[in-house]
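Step one of this worksheet: look at the structure below.
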Amino acid sequence: MPKRTDLKSVLVIGSGPIVIGQAAEFDYSGTQALRVLKEEGLRVILVNSNPATIMTDPEFADATYVEPITPEVVEKIIAKERPDAILPTLGGQTALNTAIALDKNGVLEKYNVELIGANIAAIELGEDREKFKGVVERCGAESARSHIIHTMEEAFAAAEDLGYPMVVRPSFTMGGLGSGLAYNEDDLRRIVGQGLQYSPTTEVLLEESILGWKEYELEMMRDKNDNVVVVCSIENFDPVGVHTGDSITVAPALTLTDREYQKLRDVSIAVIREVGVDTGGCNIQFAIDPATGRVVVIEMNPRVSRSSALASKATGFAIAKIATKLSLGYTLDEIPNDITQKTPASFEPTLDYVVVKVPRFAFEKFPAADNTLTTTMKSVGEAMAMGRNFTEALQKALRSLEQKGSQLDFSSVPEYEVAELIEKAKRPTTDRLHQVQRALLGGATVEDLFEATKIDPWFLDQLQLLNETAQEIRKAGVLTEEMLRNAKRHGFSDEQIGALTHNNEAVVRGVRQALGIRPVYKTVDTCAAEFAAYTPYHYSSYDEEDEVGLHAKPSVIILGSGPNRIGQGIEFDYSCVHASMALRKAGYETVMVNCNPETVSTDYDVSTRLYFEPLTLEDVLEVIAAEERTGGVMGVFVQLGGQTPLKLAQQLADAGVPILGTSPEAIDLAEHRGAFARVLDEAGLTSPKNGTAVSFEDAKKIADEIGYPVLVRPSYVLGGRGMEIVYDEANLSRYIANATEITPDHPVLIDRFLEDAVEIDVDALFDGTDMYLGGIMEHIEEAGIHSGDSACVLPPITLGNNVIERVRTATRAIAEGVGVRGLINIQFALASDVLYVLEANPRASRTVPFVSKATGVQMAKAAALIGTGVTINQLRGAYKMLPETGDGSTLPLDAPVAVKEAVLPFSRFRTPEGKVVDSLLGPEMRSTGEVMGIDKHFDTAFAKSQAAANNALPTEGKIFVSVANRDKRSVIMGVKRLSDLGFEIVSTGGTADVLRRNGIQATPVRKVAEGSSAEGEGTIADLVIAGEIDMVFNTPSGGEARSDGYELRAAATSIGIPCITTVAEFNAAVQAIEALRTYEWSVTSLQEHAANLSAAMEAANA
């Protein structure tokens, strides 16, 4: 049955900012969906607040709204655009919850809009835990014994029936937010309290513990004619109790008997029918008791999920694309499989390889957080690898994480450590895989470890096999052909083999290649080689037959950014995808190398060829060799994927690989303190006084010379890893003592810290002769807060023309002095009217997508072409990629104002005592994602950015103010304006006195440190938790008040009210609150903004 003809326009709801539990996979699904809708001739409207996504590029939709995803805002878009239908299944939990709210508020009925891809009844059945329990029973399957509760009293009553431990799961939340395991009454009180708060329906499910059972997922699709396919089975390496997003997962499931698999399949098909998902995909999670074989259905997601992205990349079956076609009325047998072009989508994929996904964590960013893994997801990214067997895929996946200590360690284990390792492995943490493998290496048995961890014995045997292989490599001592072939089949890297045989990596590689032991590249074809594959999507294996086809033109290789992490996220993937698009359009063959299953760059049709490989020197050199053998390589781009490929630049150049764009020498010059200082001197530019220390004595001397406070950090880092502002010698000695390795190769850099400076960020293009300045961003928070966590505004709102001219001149001088070809990002600070250069990065930065969206100029595409020799003049002329005149520093006065705001994951991380980690910002980056607010003026744009970052500003109510002495004078005007608007101001001791002296009514309240009064009057933290305060404004002072402030900020984070910690942000918030009270909120698409901007620029040039 062909597609429906009654739909003319569709509104797609995106997933908003990247947060833990809802990441780049929804940009990948959303981008596919938009493509399908456009191909089918529909008018496409999109709402998504995240500017770092490919889907918000204006060419993917007819009207792109970068606006907060709230029911109120989406209603305004519906009223303006009048779509026929809404597709809410591709934007994660955010989109589903918004669609449900629009249905409940009567908005869908009012504007006669239909939901496609899922109906409300199916969403409710799948997401509402009580209803879903009924579904499972009607299908003749079991779910865990459970109680649904809405209050604390009900929770304690349920505990008597279920007994401890029990699982707590709130309804309608995502990534396990608010869930946990309660081992006793205190846990129950804490976790249920959070859960009731995070659940939009204040409903929580308590269920019997099935800890230690085996966990599986099936990824399904169903069409309206009741055709059902199982796309992929996924098995969790970790047993139940660890969120599937934090577990190592394997596809296809490896430890199920055929009979068990058929049972799961039958139950899944019954459930998907009963729930009524009839135009799309869903995933269903199961648990199996290893002792009795009892099967329990855990939950279902009636939408495209994180697992669907993994299943798509693992099988080559484009779930999101097919789900979108189903929502338009097609059936599975009418949709062709892109890869084979012969089979329809109703053919279930078969795999002749193993896929392993490994999570990447960021606990080093939150030293106070507890690294136990629970049902609340905590990982920030993931890497995926494919191999012909489990050991090969596992070792490749671990190598793809790029974390110190992520690969297995085969050095000998003393006997006395074994018992301790087994004991530690009982508690699931980020190190559990290594503890298990080391315990086995030290002589523990598979039975011992199964007893301790409940990890399936088959997986434990595989780890044992790796240990045995490592022992054989060590025993051999010499690099023989047989030993190397065997080691490679189990995924050992040259580096690991070198460590076991006391050779360095280069020697192993030389011998291996001389013996002709090279990987071959296999193709992901969805059908175990039954049909030919038309899309070259490859993975390496030490097998027999190579499947890389010949290519007529030399290829351009783009190195991706690897797994998402804090400091290197989707923004870098955006630049890689743009480069590939621009180069393909210009007629080049592009090759993408990456190992992140969530991203658009690893979609099989973004580049001419895709290699799903780790980004290590060994793996990248082998891909280059394969491309050389089959048609030659023009060069490699390392400047687009962040720090990951940049680190390989010099080694690749040493191996004779041509680097496109900025040279490795120029990259090194910008990172090297001394050489960069010479560039600044020659240009007459200043940087804050600084020095390089290799010991505490050095550091003390430098700090005394330049004066405290100082900013200390290791060299070569991204995301401010390990940075700190140090105010005195005692803290300096503590920092140096904790810094892992300080050597002459890895010195510590010490800079004068500029207090009260305005930070400025610039992205520019340089081709050797001309410069194009993409945009000048003014940071809202003061210098000292990491640029990735700071809100910023473009065009700048307080910088005069003279400052902008100085920034321009400095940018050009640095780009020329460093020798950039392509993108460069420079951070400046303006203090007492002196312009300081903080740092320069000769690569795509994390602000490139924001600048591109705010100004309508696609910077990464331009940079890729400059790398192949195109000039800025040509880009302004024949290529029409840059404006003919002017640039991002000369935007007219009526250009729209865009505000970028960071989104922080504090509510996910708790200390071992169960408290939220501190939300105070500093020089180390902690945000996982970003949003953009764009409007005619700064105040409304800032208000939009806060609403989009889930921090909507209040327009009435109570505001708590408590600031450090140094800030008291600067906040009086702002507080007075709020008081005049009718807000009640609540304050502690000192601040309250100052406000009263200035004629501002302030209600005094007790500090956290004072505790409750004898009359039972609570502290400010108690008031916040009781929901009596609508916004907290607290700037930290040194010492004791820091802990006072921490309790308060933790309370605000845990109940989700805005918590402002800098004066600059407070002043911006006051402007925004005034605007919210006076102006009607209007929605404008990026396409409309672009038209307004070009009209304004033409008028300015006329």
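Including glycine, each Cβ sits where the backbone N, Cα and C put it.
Bear in mind that the values here come from a model prediction, so they are computed numbers and not experimental data.
As annotated by Swiss-Prot, region 'Carboxyphosphate synthetic domain' applies to 1-402. Swiss-Prot lists ARG129, ARG169, GLY175, GLY176, GLU208, ILE210, GLU215, GLY241, VAL242, HIS243, GLN285, GLU299 with the feature ATP 1 binding site, giving sequence analysis as the kind of evidence. Look at Swiss-Prot and you will find 133-328 tagged as domain 'ATP-grasp 1', backed by sequence analysis. Annotation source Swiss-Prot lists Mn(2+) 1 binding site at GLN285, GLU299, citing sequence analysis. The feature Mg(2+) 1 binding site is assigned by Swiss-Prot to GLN285, GLU299, with sequence analysis given as support. The feature Mn(2+) 2 binding site is assigned by Swiss-Prot to GLU299, ASN301, with sequence analysis given as support. Per Swiss-Prot, Mg(2+) 2 binding site is recorded for GLU299, ASN301. As annotated by Swiss-Prot, region 'Oligomerization domain' applies to 403-546, with the evidence given as sequence analysis. Per Swiss-Prot, region 'Carbamoyl phosphate synthetic domain' is recorded for 547-950, and the stated evidence type is sequence analysis. Annotated ATP 2 binding site per Swiss-Prot: ARG713, ARG752, LEU754, GLU759, GLY784, ILE785, HIS786, SER787, GLN827, GLU839, in sequence order. What Swiss-Prot lists as Mn(2+) 3 binding site is GLN827, GLU839. Annotation comment: Swiss-Prot describes GLN827, GLU839 as Mg(2+) 3 binding site. Per Swiss-Prot, the feature Mn(2+) 4 binding site maps to GLU839, ASN841; the stated evidence is sequence analysis. The Mg(2+) 4 binding site annotation in Swiss-Prot covers GLU839, ASN841. The domain 'MGS-like' feature in Swiss-Prot is assigned to 951-1096.
On the structure: features taken from Swiss-Prot.
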residue: ARG129; record: ATP 1 binding site; Cβ within 10 Å: 22
residue: GLU208; record: ATP 1 binding site; Cβ within 10 Å: 17
residue: VAL242; record: ATP 1 binding site; Cβ within 10 Å: 25
residue: GLN285; record: ATP 1 binding site; Cβ within 10 Å: 19
residue: GLU299; record: Mn(2+) 1 binding site; Cβ within 10 Å: 17
residue: ARG713; record: ATP 2 binding site; Cβ within 10 Å: 19
residue: LEU754; record: ATP 2 binding site; Cβ within 10 Å: 21
residue: HIS786; record: ATP 2 binding site; Cβ within 10 Å: 21
residue: GLN827; record: ATP 2 binding site; Cβ within 10 Å: 20
residue: GLU839; record: Mn(2+) 3 binding site; Cβ within 10 Å: 14
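According to DSSP, the domain 'MGS-like' (951-1096) comprises 74 helix, 20 strand, 52 coil.
Within the same chain, residues at least six positions away from ASN301 (Mn(2+) 2 binding site) with a Cβ under 8 Å of its Cβ are GLY126, CYS282, ASN283, SER307. Look at GLU839 (Mn(2+) 3 binding site): DSSP puts it in a strand.
Residues near GLU215 (ATP 1 binding site) in space but far in sequence (CB under 8 A, at least 6 apart, same chain), listed by position: GLU235, ASN236, ASP238, PRO239, VAL240, THR244, SER247, GLN285, PHE286, ALA287, ILE298. DSSP assignment over the region 'Oligomerization domain' (403-546) gives 76 helix, 11 strand, 57 coil. Comparing the Cα of ASN841 (Mn(2+) 4 binding site) with the Cα of every entry in ARG129, GLU208, VAL242, GLN827, these being the binding-site residues, the smallest distance points to GLN827. Spatially, by CA atoms, the binding-site residues GLU208, VAL242, GLU299 include one closest to GLN827 (ATP 2 binding site), and that is VAL242. Among the binding-site residues GLU299, ARG713, LEU754, the ones whose Cα sits within 10 Å of the Cα of ARG129 (ATP 1 binding site) are GLU299. GLU839 (Mn(2+) 3 binding site) is 12 Å away from HIS786 (ATP 2 binding site) when you measure Cα to Cα. Separating the Cα atoms of VAL242 (ATP 1 binding site) and GLU299 (Mn(2+) 1 binding site) is a whole-number distance of 14 Å. For the pair formed by GLU839 (Mn(2+) 3 binding site) and LEU754 (ATP 2 binding site), distance between Cα atoms is given as 14 Å, rounded to the nearest Å. Distance between Cα atoms for GLU299 (Mn(2+) 1 binding site) and GLU208 (ATP 1 binding site): 14 Å, as a whole number. A strand conformation is recorded for ARG713 (ATP 2 binding site) in the three-state DSSP classification. Taken residue by residue with DSSP, ARG129 (ATP 1 binding site) is part of a helix. The secondary structure of HIS786 (ATP 2 binding site), as reduced to three states from DSSP, is coil rather than helix or strand.
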